[in-house]
Amino acid sequence: MSQTGSHPGRGLAGRWLWGAQPCLLLPIVPLSWLVWLLLLLLASLLPSARLASPLPREEEIVFPEKLNGSVLPGSGAPARLLCRLQAFGETLLLELEHDSGVQVEGLTVQYLGQAPELLGGAEPGTYLTGTINGEPESVASLHWDGGALLGVLQYRGAELHLQPLEGGTPNSAGGPGAHILRRKSPASGQGPMCNVKAPLGSPSPRPRRAKRFASLSRFVETLVVADDKMAAFHGAGLKRYLLTVMAAAAKAFKHPSIRNPVSLVVTRLVILGSGEEGPQVGPSAAQTLRSFCAWQRGLNTPEDSDPDHFDTAILFTRQDLCGVSTCDTLGMADVGTVCDPARSCAIVEDDGLQSAYTAAHELGHVFNMLHDNSKPCISLNGPLSTSRHVMAPVMAHVDPEEPWSPCSARFITDFLDNGYGHCLLDKPEAPLHLPVTFPGKDYDADRQCQLTFGPDSRHCPQLPPPCAALWCSGHLNGHAMCQTKHSPWADGTPCGPAQACMGGRCLHMDQLQDFNIPQAGGWGPWGPWGDCSRTCGGGVQFSSRDCTRPVPRNGGKYCEGRRTRFRSCNTEDCPTGSVLTFREEQCAAYNHCTDLFKSFPGPMDWVPRYTGVAPQDQCKLTCQARALGYYYVLEPRVVDGTPCSPDSSSVCVQGRCIHAGCDRIIGSKKKFDKCMVCGGDGSGCSKQSGSFRKFRYGYNNVVTIPTGATHILVRQQGNPGHRSIYLALKLPDGSYALNGEYTLMPSPTDVVLPGAISLRYSGATAASETLSGHGPLAQPLTLQVLVAGNPQDARLRYSFFVPRPTPSTPHPTPQDWLHRRAQILEILRRRPWVGRK
């Protein structure tokens, strides 16, 4: 998918394209030269241009017969099931029991509209395991959907795949309950390339603020929706297929490379029929996403604690999705919207089992992840490849050892640390246990080809190496050929005698046990303290630890708890020669960036903007162009250690305002008193207050606020509809800092004064005109009022604190010295002599 937009914030669309290398015979990307060469060679060897036969297999239409069984209390799902079928000249008796390991607990399944191919088996279904003909070495693993069986049988060295035919409905081959049973023998390693087998004649069914810098369990309660095209294509196997895809996506989110404990939980499954007025699904991916996002909100409940509530929704469709100029899009989602009920949604074009990575990719966008080729990611990922991770813009194969790039891990961590994942902290009461078997056990290579390229496609064997890329049969201009989308075989797909695929490699069955046992992670030691973010004035330094002792494996639990700690450093005052505050320096760094305003020539004077900035945005670098008055967020974060505001001693740490004392120590309880003395008792200053009512036209002097004044507050009240007086500030040199030259500032603003001091002004049009600031002033200010009319009912009051004069010690006069001398002599005369006999 290609992401549109350039800002990492919420609201941008993300799209994904499969096939970093060419995808053959598909409109997504052009044909590979290697396959064209293969076709030419085959055409020269085979006059008919038909490729040779694939792996040996046999197929039969069978009619499973339910003999007896019992149901689970309160659910209606079978606890035991005895089933018989005739195949390959033999009677197979399946003795099945309910498998609690893949029980679908807490899953709500809804069928909306008319979908006759599904309604015959619309019960939620259950998973059954057992034996065949009582032989202990045999294995039956099936999904029972009320009238259809789907799964794998392993019997006497053969592997048999059982699935409903035409959704279990009547067809030309037999009566109700018709299934197809395919017997597949192990690959012999010999034989011709492959052959395009005749088609079977029908498609095969198929919160709010979390602790900062802490690793907390997140549960993404997900609504999964399948449209009518999905129902028509997959038939009775749709539900099992969706759960298999979501299980693979959930497995990706469990990988430790994401550096967060994220659990993808499917809580509701909705299947749409042709008669349902659902979302408008069409070729335009953007319009489909907008329609689905609006539609899914109507299914949600507002309370996060409600069992029917979901945190995000994902739509699967067989519709070919298109972007602005091409139809390369396989999915789309808004960025950074996971807890926004109106926009936490994604769409996925079903493309076979690899759709699990499309779903993971789109949900990655919902978690604020960017594409790995974006500018921020290139700097974070370093020289790593941008095409081997889940968030690659165009991808052929996900690295099983590191599916998430460092950039993806960084963005989701920052996103959650900043409180955007508050809705994910509640643990579902009845979690859904997704299928635990490897998908390749339920969907062999032939089935994977059908899911990807259509019902007529089959696996092309003996194209080395096995497991690395799935090659499937197809036709081009009437000629048989093999094609691939470069995705690996699904994990668990048989690839040889007693061998199966895992992570794109063909391994012995004994080695697969290493991938079945979950291993929880453990924290490693704390690392050393890093560099201080400031050289003076109070900086921040960090120390972190990783979940590496051991690293979690196979879906094992990721470490929980504090992963990063921080402390204050370099808290001493900066040199007195510093003219700008730390935030002013950061704004001034953009003064020579002329590309921000194309029509404004020359450098710009950027100053911090405090007024009108929401509390949650205090740690963004919001600066105002002094000449134009416009203000912008120039950086998503200020440098660590920057004060959150002029009126606070708290400091910004990784984009969050963290409490600090006036001594610049994070966590300290020291406060400024009214005199702006750190830890003082307020005795060093006195309050000065007064009012003013002698209004005359023009500028009127009210009071001179002296140097060192603190906690300044000026309030002017009157009839806002007929106001005729306004506050003004005059500097010692005669210039005006506010509302001079009969020019008013109508909106709220920060009045920047010499000495890196600022006062907050409400604006001339405010209902109550105010001017306030903590100080202390570096030079005196003259408070004035500008009278522009009849000042009826106008009232002005002011107050501030001024330092108390230090009492001077008078020099003693000669008389004082004589008096003190007499007192000392009298004391000495009265004392007894030490040692007198």
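Backbone N, Cα and C atoms are what each Cβ position is placed from, and that goes for glycine too.
Residue density at ASN68 (N-linked glycosylation site): 8 other Cβ atoms are found within 10 A of its Cβ, drawing on all protein chains shown. If you look up Swiss-Prot, you'll see ASN68 marked as N-linked glycosylation site, on the strength of sequence analysis.
The region 'Disordered' annotation in Swiss-Prot covers 166-191.
The Zn(2+) binding site annotation in Swiss-Prot covers CYS194, HIS361, HIS365, HIS371. Classification of HIS361 (Zn(2+) binding site) by DSSP places it within a helix.
Look at Swiss-Prot and you will find 218-428 tagged as domain 'Peptidase M12B', backed by sequence analysis.
Among the features that Swiss-Prot reports, active site is placed at GLU362, with the record citing sequence analysis.
A mean pLDDT of 94 is what the model gives for the domain 'TSP type-1' (520-575). The domain 'TSP type-1' annotation in Swiss-Prot covers 520-575.
Feature annotation from Swiss-Prot assigns region 'Spacer' to 686-837; the stated evidence is similarity to another entry.
Mapped onto three states, the DSSP output places HIS371 (Zn(2+) binding site) in coil. The DSSP breakdown of the domain 'TSP type-1' (520-575), given as helix, strand and coil counts, is 0 helix, 15 strand, 41 coil. Taking the Cβ of GLU362 (active site) as centre and 10 Å as the limit, one finds 29 other Cβ atoms among all the protein chains shown. Taking the binding-site residues HIS361, HIS365, HIS371 in turn and counting surrounding C-beta atoms within 10 angstroms, the largest count is reached at HIS361. If you take the Cα of HIS361 (Zn(2+) binding site) and the Cα of ASN68 (N-linked glycosylation site), they are about 45 angstrom apart, rounded to a whole number. For the recorded site, ASN68 (N-linked glycosylation site), the DSSP three-state label reads strand.
Across the fold, the C-alpha of HIS371 (Zn(2+) binding site) and the C-alpha of GLU362 (active site) stand 11 Å from each other.
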